[in-house]
Amino acid sequence: MGYGNPVRTRTMRSLAEIIELSQVERDRTRPVSVKDRYRLCYNLALSAYCLSSAAWSRLRWCKRKTFDANVFLHHDSTTGVIHDPTEAYLSCPIEAPLPQFEAGADLKCDLNLLELGKILVEVRFWRKPDVFSEAHGRSWEEGIRRQLGLLITDHPDLLDSESPFVDVIKACLSYEGKVAAEKKTSRDFLTSFEDRILKPFSTLLPDCPGAEEPREDYLSDVETQREPLTALPHKREPGPKSARAKEFISRMQKFAISYVNPLSAKSRTPLPENRSRKVRIAVIDSGISSRDSEIRIALRDSDIGLGLRDRRIAGLRNFCGTSVDDCEDYHGHGTTVAKILLESAPQAETYIAKVTNSSTVSDEELHNVRKAINWAVQVWDADIINLSLAMRVESRDIDEALPHALLPGSKIIFAAAHNNAGHHEGPSWPGRKLGIIAIHCTDGDGQPLSTNASVGREDYFATLGLDIPIKEQFATTKSQYVYASGVSYATPIAAGIAANMLEILRHEASHRVNDVKKWFYNGRYIKVLFKAISQRDQRCCFVQPWTFWHEIISVSPRYRDVQLRSGDERNIIRVLELLAA
């Protein structure tokens, strides 16, 4: 599909609605196999396990009045297709404070486990169980618990081989589970949950990753006490080309001060609705350090006049631990990437997705990246996604998520082009995937580095990735500069340049191209733009905007078929629009 084409959003329906479809709708809906139902059960149980230590454990898995499942699936009522039937979504407020729900005093199990058990029974039998005959008054929850226990015992639809599932439900309904749940911050509850609820699924789903031995994968994030970041993992002394890198960064800052930062103040009237939102960039990496002085400032609200509030880092989410709000960086890679991006794109909104606790993504963490991409697209509606973490292997999960991100033509994905291994290796994944903009390294003068991967005879984009000066200041008044090198840190500079171009177009584009997202917010346009503004060294396209700006404003009499006026800054917007034609 071409860039800019509309895509129909998938509809969400609650599990309660789907399992209570009319007979006509049921006949049109493709059945979900028992194996897929069990896989969905396992994923729901695993989600409950991961949420048990976080603030979201206070959410209800079932609605308070009807006890209907508070989970949703992608269901197309037109075709009857349930997309991703093994993955469900939990409804929860994002900003509102979370109330603490309490069950009746006579309930002989934990309320969260009761709700989970009831949902698992619904999924297995794909119908709403009749468990409300005793569920009245003060005995509402206890009545449901008793009826579920009777229902699951000797159920005619259950095979002998499904006895592990019966054990799971009994564990959810047990008093022992209630006792363990009162210790949700301790290892006791987590151990009990994995032994009595997660591990039985390994018999039903022997091929399910992590079902047999989840302790190493999931307890590690709960139990491991990591030391807070006190230094960034970079050189302490400047390299021989650090002066040229410093000059590059200085030019970036001057460009933003001259052409990007004044745009908001220059607007005499509010921008139309389709241009009113700032450019959004999602950083998928190792998180950010809350101890870094610049990061702390970016996390605060700042007054931008007229009673409005602005925050440079507008959202965070953790995809590799039990607490979705904990995006603390224990390595420094993600913090460095975020700091470079904040400096390179001063007017953009930045969103942080944590997918690892190191500078690389292990094979076991690849699914975190997929979830982060989906979240950046569906929840944050990011315009640009920065993937500085090069993967060692291709991932089927990520490979399925990337086309969804690229399909509408409104997501621009930058990725590190390689692992800094030099010409002995080719481009890494996902940088080599079609539609993604892969970034290589140069020094401050635009000379390509020997660490760049071999690309054959193809042109490639590159920008500063050597001796980038980074201000290091952790919880102290003292600060110093360290010097970062590598394609990981060239990538956010390229993403920042793209964000600045979109910010200029958002404010300055003519009414002829009023729908700026359709015309400019896509990877195809950014590639054309980068080729236009780059300085070429053989196949290397050195991406920086100031030389192009100077030529278009003051030097060139025309660009293609457009007549230019010497000294007129409007030349720039004419050329930027022409590139989209």
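Glycine too: its Cβ is placed from the backbone N, Cα and C atoms.
No curator has checked TrEMBL annotations; they are predicted automatically.
Positions annotated as domain 'DUF7580' by TrEMBL: 11-186.
The feature domain 'Peptidase S8/S53' is assigned by TrEMBL to 277-504.
Counting Cβ atoms from all protein chains shown, Asp285 (active site, charge relay system) has 31 others lying within 10 Å of its own Cβ. Among the features that TrEMBL reports, active site, charge relay system is placed at Asp285 (among others).
Feature annotation from TrEMBL assigns active site, charge relay system to His333 (among others). For His333 (active site, charge relay system), the count of additional Cβ atoms within 10 Å of its Cβ stands at 25 [all protein chains shown].
Per TrEMBL, active site, charge relay system is recorded for Ser488 (among others). Taken residue by residue with DSSP, Ser488 (active site, charge relay system) is part of a helix.
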Quiz item: What does DSSP assign Asp285 (active site, charge relay system), in three states?
Solution: strand
Practice problem: Would you kindly give the Cα-Cα distance separating Asp285 (active site, charge relay system) and His333 (active site, charge relay system), rounded to the nearest Å? | Solution: 7
Self-check item: Other C-beta atoms that fall within 10 angstroms of the C-beta of Ser488 (active site, charge relay system)
Solution: 26
Self-check item: Distance from Asp285 (active site, charge relay system) back to Ser488 (active site, charge relay system), taken between C-alpha atoms, in Å
Solution: 10
Quiz prompt | Arithmetic mean of per-residue pLDDT over the domain 'DUF7580' (11-186) | solution = 78
